[in-house]
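A.B. asks: I have a structure here, written as structure tokens, and I will follow up with some questions on it.
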Amino acid sequence: CSENASDVIPIIRSAAMKDRAVLEMGLKAFVSFVRAYKEHHCSHIFRWRDLAIGKLAMGYGLLYLPSISEVKQHRLSSEGFTPLKGISFDDIEFKDKYREKQRRQNLQARKEKREKGKNRSKKVVYACATTDANRVSRKRKLTGKQRQTMQTAEDEEELA
């Protein structure tokens, strides 16, 4: 990071601490960038393993690293990222009163749903998802080589 960029990072992070909209936009932009970078067709130019996730997250002003599968599976380094400690991310509010009211209603609904689930009896019966009939009817996924040989055989039949 250049010196000018490091001056902007605290400003972006403080804005994210004050307004949840900024926090969510940063998270969404970061996740979109990481996924686009990974899936880009020019993998010899955009090397996935060389991407500095930690510094990139700091550039987006993130307060915490989101748990996305791309980062978890490839175990990329989060070097350069310093998460903020002592902050409850649920307490960060929207500046927009309507969105904040809606968020609180959703949190309350989730909390009630969780409590309702806990109050149910502990006795739960699990049915076996795969019965013998399901096992027989389920087809095994073919490998690429098997699909290719089947396609070649079908093509030869069409030509004959």
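A Cβ is built for glycine as well, from the same backbone N, Cα and C atoms used for every other residue.
TrEMBL feature annotations, pasted as is:
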| type | residues | note |
| --- | --- | --- |
| DOMAIN | 7-70 | domain 'ATP-dependent rRNA helicase SPB4-like C-terminal extension' |
| REGION | 100-124 | region 'Disordered' |
| REGION | 137-160 | region 'Disordered' |
A.B. asks: What mean pLDDT does the predicted model reach across the domain 'ATP-dependent rRNA helicase SPB4-like C-terminal extension' (7-70)?
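C.D. replies: Residues in the domain 'ATP-dependent rRNA helicase SPB4-like C-terminal extension' (7-70) carry a mean pLDDT of 83 in this prediction.
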A.B. asks: Take the domain 'ATP-dependent rRNA helicase SPB4-like C-terminal extension' (7-70) and count its residues per DSSP category (helix H/G/I, strand E/B, coil), listing them in that order.
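C.D. replies: Residue counts in helix, strand and coil order: 44 helix, 0 strand, 20 coil.
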